[in-house]
Amino acid sequence: MRQNNNITEFVLLGFSQYPDVQNALFVMFLLIYIVTMVGNLLIVVSIIASPFLGSPVYFFLACLSFIDAVYSTTISPVLIVDLLCDKKTISFPACMGQLFIEHLFGDTDVFLLVVMAYDRYVATCKPLRYLTIMNRQVCILLLVVAVTGGFLHSVFQILVVYSLPFCGPNVIYHFFCNIYPLLDLECTDTYFVGLAVVFNGGAICMVIFTLLLISYGVILNSLKTYSPEGRHKAPFICSSHFIMVILFFVPCIFLYVRPVSNFPIDKFLTVFYSVITPKLNPFIYMLRNSEMRNAIENLLGYQSGKTGFRCSKLN
């Protein structure tokens, strides 16, 4: 339950107080946001519209792209608008809402990457039973589990912040409401709360990252035992997923696998995994996947010159 406090709004410092720098950042982040939304929604629509992309991996890819689009919308529009404002403020309820939604979709993204790694494991190690194991009901169940995991983690984060008192100051040294900058403003000792946040966020992030690396190692090792062609494809077969895992988890590990503290570089690392990575997602999958490229070309009205059914796989 929230304790009494005299804070009704927070002031976000953002990146810079210089107008010229703010204008340049406004243009840059606006373009990034537009590209992010167009790219991710293009993947979602292409997968829904294409009769050839019915494999479970594309179902999860569409979900990942949709979540990335929503996740980016949680942060980028506020950042873009604030760059045009002299006083960057956010109300207490809006700040709590942003914190909850950001963690909800960010954590769902993390769990969905685990689900996609499992999907690739089944497709590679049990190809004859792939469609039987990864049937429609299982895919929906795995998606629900990913969303539930993100929801529970977000509830914990919001309860931690909401239950502690804010007495001032109300200046957040960040461009949005994030957990560590908010804990710095609490009027009580947050040492043990910080340890709980590290365990809940950082440790889980590290464990999942390690499990993902192990799973990709198992997949690559399994591919090498198949045939000369399998050995040739081994370095590339799951590269799209692996690249996304590295881009997302490395900044998160640096930010959350440590005691509660804030550094100037935190803002730039947060931009990388919350603004840049969702933009890169569609390009990585389009460049690494010929089926995805063909589906987008067909959606946009281009003739790919190829017909017929193609086995669904990422390469």
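Note: Cβ is positioned from N, Cα and C throughout, glycine not excepted.
Just so it is clear, the model here is predicted, and its values are computed rather than measured.
Feature list (source: Swiss-Prot):
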- 1-24: topological domain 'Extracellular' (TOPO_DOM)
- Asn6: N-linked glycosylation site (CARBOHYD)
- 25-45: transmembrane segment (TRANSMEM)
- 46-57: topological domain 'Cytoplasmic' (TOPO_DOM)
- 58-80: transmembrane segment (TRANSMEM)
- 81-95: topological domain 'Extracellular' (TOPO_DOM)
- Cys95-Cys177: disulfide bond (DISULFID)
- 96-116: transmembrane segment (TRANSMEM)
- 117-139: topological domain 'Cytoplasmic' (TOPO_DOM)
- 140-160: transmembrane segment (TRANSMEM)
- 161-193: topological domain 'Extracellular' (TOPO_DOM)
- 194-214: transmembrane segment (TRANSMEM)
- 215-235: topological domain 'Cytoplasmic' (TOPO_DOM)
- 236-256: transmembrane segment (TRANSMEM)
- 257-266: topological domain 'Extracellular' (TOPO_DOM)
- 267-287: transmembrane segment (TRANSMEM)
- 288-315: topological domain 'Cytoplasmic' (TOPO_DOM)
At the Cα level, what's the spacing in Å between Cys177 (disulfide bond) and the residue listed as 'N-linked glycosylation site', rounded?
18
Residues of the same chain, at least six outside the transmembrane segment (96-116), with any C-beta under 8 angstroms of its C-beta?
57, 60-61, 63-64, 67-68, 70-71, 74-75, 78, 90, 142-143, 145-147, 149-151, 153-155, 157-158, 161-162, 176-179, 182, 205, 208, 211-212, 241, 244-245, 248-249, 274
PLDDT averaged over the residues of the topological domain 'Cytoplasmic' (215-235):
65
Sequence-remote contacts (6 or more beyond its ends) of the topological domain 'Extracellular' (257-266), Cβ cut-off under 8 Å?
173-174, 180-181, 183-184, 190-191, 193-195, 197-198, 202-203, 205-206
Would you kindly give the Cα-Cα distance separating the residue listed as 'N-linked glycosylation site' and Cys95 (disulfide bond), rounded to the nearest Å?
15
When you look at the transmembrane segment (140-160) alongside the transmembrane segment (267-287), do they share 3+ Cβ pairs under 8 Å, ignoring any pair fewer than 6 residues apart in sequence?
no
Quick one: of Asn6, Cys177, which of the recorded positions has the smallest count of other CB atoms within 10 A?
Asn6
Can you tell me whether DSSP puts the residue listed as 'N-linked glycosylation site' in helix, strand or coil?
coil
For the transmembrane segment (194-214), could you work out the same-chain residues 6 or more beyond its ends whose Cβ comes under 8 Å from its Cβ atoms?
110-111, 113-114, 117, 153, 156-157, 160, 179-180, 183, 245, 249, 252-253, 256-260
Report, as numbers and ranges, every residue of the chain located at least six residues beyond the topological domain 'Extracellular' (161-193) whose Cβ falls under 8 Å of a Cβ in that stretch; write 'none' if there are none.
1-7, 9-15, 75, 78-79, 82, 90, 92, 95-96, 98-99, 102-103, 201, 255, 260-262, 266-267, 270-271
